[in-house]
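Asks: Structure in structure tokens, see below.
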Amino acid sequence: MHPWLKPHPYHGIAVTFLLFFVLMMGFPFQQFQLLKVCRQLEPTVDLDYEACAKRSDVQSVSASWSLLFSLSQDIPGFFVMIVIGYFIDKTGHKTALKVGMISILISSATIFMTAMFSQIPLDVYVVVSVINGLSGGIPLSMMAASAYIAGTTRAEERSRYFMLKETAMSITMAIGPVFSGFVAKAAGFTAIFGLMFACSILLTFYIYFIFPDSDHTVADTGNTPTEEHLEVNGANNNYAASEKTVKEIFEESLSSTYFVITHLFSHTTSASLLIISLIFSVSASAFEVMFTFYPAIAFGWDSLDLGKFISFTAIQRITILTLGQPLIERVFRGGSNSSNDKLVGELRLLRFSLFMAIISVAGYGFARNANQFWAASMIGSIKVVADPTMQALLSIMMPVSMQGRLFGGIRLFSSIAMLMSTVLMNKFFRATVEVAPNAVFFVVMGLDVLAFLVAFFGIQKSGILTMRIRSGVIDGDAVVETRMTEETPLLA
């Protein structure tokens, strides 16, 4: 077999890259939606995008449609999320990706057709959103890619590959928004959405004919707890999934998800990491309001302007992940390469990145012009290192054959809060758009403050070492020297 056709984490990274590139091709959809709403409100007046974007009534109605699309996908998706992790582990990563691609193809085809035929109403996206939720869609594909990376790497090298995955996402965000915004402005929405549909077909071809499935060949050689050990806690049953009824599969999936969450909460450190991931998900629910609706009404940005901004922030993240991170980590660990000092450096970097995110969001909220808004992004770009670091740490808590359930459980746990926060953030923006459209930034700033406090007090060096010992990653003797050092109280 050709080396490129063998299981390797690079295939998971490639899927992530292509998937995000497809998503970035659909970046002008928000502008397309806003113009469609504007023309529905003023069918006899031919208003340009800038005039439409500055109208608060148009922004409010457009935000309502976005909320409806989100709820139509997230509500059925929440129940599907219960079985997604089980589905990934039992059917394989490739099968999960195939299922996820069905809804992505349907979604991109619908957007393309709507751009071609203006008489198609926005209501059709409600139906498509429901299909996306029921089939798993993007969340299923992203979780399958993450589980694939974890399943084809050993614990000590996962952080590097998750960083590469984050870099791949950032590269698409650096190229995609500007490219899609430029094509939309120069050739129209039909051209860019047609290209989006073509890219989704290319991704489907790659998944079906090139992507090699992982058969969990990376052994659990002490890097993670074994699945047999976890079975006594109800995480697994000992007969084939094909012999089970739908009810039994659902019950086992629910039991596995419950076990994963309770297992993570059994450690203070992993519980803190999970809480921060939850806060990140809640903050992400405000992304559309913060970086689409607000710049449009405050600065008159169209999809090309927004694309330039997103690309600028993505270039910053790429620079940090590829060039800056090794230097920054070395500074934070005091120039030492020992494992203990490396861990200390990672903790300091995690806390520092969350602290800078607080300042960055405050900068967005106080920005009075586009230049200040751009400058604020430079402060918080270092936050990009936080998520892959946390994913790598959390992945050691479960065996390779349960990585799908691990990421599925985390996603399900986050979806509960994200579902509610999507509604609240959207309603909050519509309630404040007339008087203080920037108020949402200060809500997110409060969430970032909470994440920083959890990281500062809940994630300790000794806690990570203990978590790794219980998972079998390192020997208990490795932490004896770290318990009574002079600097331990300062890092705890």
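The backbone N, Cα and C atoms fix where each Cβ goes, and this holds for glycine too.
Marked as transmembrane segment by TrEMBL: 12-29, 65-87, 99-118, 124-150, 162-183, 189-211, 273-297, 349-367, 406-429, 435-459. Look at TrEMBL and you will find 19-463 tagged as domain 'Major facilitator superfamily (MFS) profile'.
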Asks: Using a Cβ cut-off under 8 Å, which residues of the same chain at least 6 positions beyond either end of the transmembrane segment (349-367) come close to it?
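Replies: For the transmembrane segment (349-367), the far contacts come to 276, 290, 328-329, 332, 373, 375-377, 379-386, 389-390, 438-439, 441-442, 444-445, 448-449, 451-452, 455-456, 459.
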Asks: Which of 124-150, 162-183, 406-429 has the most Cβ pairs closer than 8 Å to the transmembrane segment (273-297)?
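Replies: Result: 406-429.
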Asks: Does the chain bring the transmembrane segment (189-211) near the transmembrane segment (99-118), so that three or more CB pairs sit under 8 Å (pairs 6 or more apart in sequence)?
Replies: yes
Asks: Flag the pair the transmembrane segment (162-183) / the transmembrane segment (12-29) as in contact if three or more Cβ pairs fall under 8 Å (sequence separation 6 or more).
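Replies: Contact criterion met.
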Asks: Under 8 angstroms for C-beta pairs, at least 3 of them, ignoring pairs fewer than 6 apart in sequence. Is the transmembrane segment (406-429) in contact with the transmembrane segment (12-29) by that rule?
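Replies: These two stretches do not touch.
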Asks: When you check the transmembrane segment (65-87) against the transmembrane segment (124-150), do you get at least 3 Cβ pairs under 8 Å, counting only pairs 6 or more apart in sequence?
Replies: yes
Asks: Six or more residues out from either end of the transmembrane segment (435-459), which same-chain residues have a Cβ under 8 Å from its Cβ atoms?
Replies: 268-269, 271-273, 275-276, 279-280, 282-283, 286, 289-290, 293-294, 297-298, 347, 350-351, 354-355, 357-358, 361-362, 364-367, 425, 428-429
Asks: When the pLDDT values for the domain 'Major facilitator superfamily (MFS) profile' (19-463) are averaged, what is the result?
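Replies: Across the residues of the domain 'Major facilitator superfamily (MFS) profile' (19-463) the model's pLDDT averages 81 on the 0 to 100 scale.
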